[in-house]
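Since the structure comes first, as structure tokens, the remarks are kept for the end.
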């Protein structure tokens, strides 16, 4: 029962983390960039927001974004973060499906428990890969943006990616630990077996055979 509760908790945490990864991938408020101080940039309307897909200029009357469509001209940290976040978003779907169908409350015919454990273990490993993709992207991107344009603060998308990475890491670890098959110990007492017959206990001696009695009188 405790194993099932941990597996269900890990599945729910992984789903929440996957949603956080999807939000971070789809939005562009990863970092807030500015070449001057924060107050100066706000006055000059030069406060920028940068994400995986667009670079925006934030001002009071206008929120203008320029799409980053020229892939070959983009810095390496943007291209790598894009690839990792897309990979993590795609891996989350089969991982959730594998873990869901491996739940104890779901039965697929006469499937043995060992097959469900293997499928749950594979789903947990995929969720850990989602966390790895999200972790590398959300750490590398702000470092690259700071070296490129000057980082002032983190955006909403980056926080969503960090939260999603943490939930996927915890959920995947819980699912992986709950998917291992318990070791079975067998105690063999081949040398200390007692045989019982009807009407006789372990302390009752076995009567001698009649053949031995006849041979004694000869």
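Any Cβ shown, glycine's included, is placed from N, Cα and C.
Feature list (source: TrEMBL):
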- 6-31: transmembrane segment (TRANSMEM)
- 52-72: transmembrane segment (TRANSMEM)
- 84-109: transmembrane segment (TRANSMEM)
- 121-144: transmembrane segment (TRANSMEM)
- 156-178: transmembrane segment (TRANSMEM)
- 197-218: region 'Disordered' (REGION)
- 209-218: compositional bias 'Polar residues' (COMPBIAS)
Dominant neighbour of the transmembrane segment (156-178) in 6-31, 84-109, 121-144, by Cβ pairs under 8 Å: 6-31
Intrachain residues whose Cβ lies under 8 Å of the transmembrane segment (84-109), provided they are six or more past its termini: 4, 7-8, 10-11, 14-15, 18, 21-22, 24-25, 52, 116-117, 119-120, 122-124, 126-127, 129-134, 136-137, 161, 168, 175, 179
Sequence-remote partners of the transmembrane segment (121-144) [C-beta within less than 8 Å, at least six residues beyond its ends]: 10, 14, 17-18, 20-21, 24, 30-31, 52, 75-78, 80-81, 84-85, 87-89, 91-92, 94-99, 102, 151, 154, 158, 161-162, 164-166, 168-169, 171-176, 179-180
